[in-house]
Amino acid sequence: SPASEWKPQHPSLSAMPSSPTPVPQPLLPSPPPTAAAQQLDELLADLGHMQSKPAAVGQGARVPSKPSSSLDNMLGSLTRDLQELGITAAPAGVCAACCKPIAGKVLTALGKTWHPEHFTCACCGQELGSQPFFERGGWAYCEEDYHQTFSPRCAYCAGPIREKVLTALDQTWHPEHFFCAHCGKVFGDDGFHERSGKPYCRQDFLAMFAPKCQGCERPVTDNYLSALQGVWHPECFVCVECLSSFASGSFFELEGRPYCELHFHQRQGSICHGCGHPVTGRCTTAAGHKYHPEHFICAYCLGQLQKGAFHEHGNKMYCQVCHDKLFL
């Protein structure tokens, strides 16, 4: 069964200095604040004031200029003033999320640069800067959301398959969850058998679904005989009484069980009392026994007896003449 693995990626996190790097200059006292810096402070104060007090709407209300454009102008003036002092303040890049310059720590992932706090899971919004992440369609996902959203599901537990995936019966499974649907045993070298979309080990499959021998009631898996509305192991299809096989290929049936000719007639009470063989043709019945006509004879003279003209003495049959001669 094929198996695949997904490996998380790791963002590359680097850091820019927290303050611009000055060009070497003679040590001088700290210069007084520039006009640009003072304007920036005033602008930030005005912005804070504007957020806390909404502007009045009505006659005489003045619409302030866009803070973003004013802030960009102030930042530009501040950058120029710092450059005049010999200080370089180039941004490290532009954040792919907010499209603003990155002046502090910069995070590199998916071929782009980000503010660390802006590199987040596309599903839950969790920051990904310090943990592994997965990429799908150009978006980053935390490990949990990636597996819940994109990983194949196990046909047994319905949970996402995070590592090795086993494919069988046109479904995907955790390897440890692909076992016999009846006994729960993991499949070995014998493989598995399928029934109604479920896997079974060989033993349970045969016990549950294979036809049963009418003789021993064990599953029939190889050669078999079909007789008496069922199947049989060849070695199990024998006479119920003497357990002999049917060499001639013929048998007798009584109450759904096979018999050889002798024991069939014995059970039916059709054995000749004279010779002990089955009576299959004409039959003579006397004194509760059956005889071949030729075997219904006088025990003394061996002459064939006629029904109604004989005498029984000591469990033997005699003709009238011999009976009178011997016993009268």
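Glycine too: its Cβ is placed from the backbone N, Cα and C atoms.
The region 'Disordered' annotation in TrEMBL covers 1-35.
Taken from TrEMBL, the feature compositional bias 'Pro residues' applies to 19-34.
Residues annotated as domain 'LIM zinc-binding' in TrEMBL: 93-152 (among others).
Residue counts for the domain 'LIM zinc-binding' (153-210) under DSSP, helix first, then strand, then coil, are 11 helix, 16 strand, 31 coil. The annotation domain 'LIM zinc-binding' is assigned in TrEMBL to 153-210 (among others).
Per TrEMBL, the feature domain 'LIM zinc-binding' maps to 211-270 (among others).
The annotation domain 'LIM zinc-binding' is assigned in TrEMBL to 271-328 (among others).
Counting residues of the domain 'LIM zinc-binding' (271-328) by DSSP class, helix then strand then coil, yields 11 helix, 17 strand, 30 coil.
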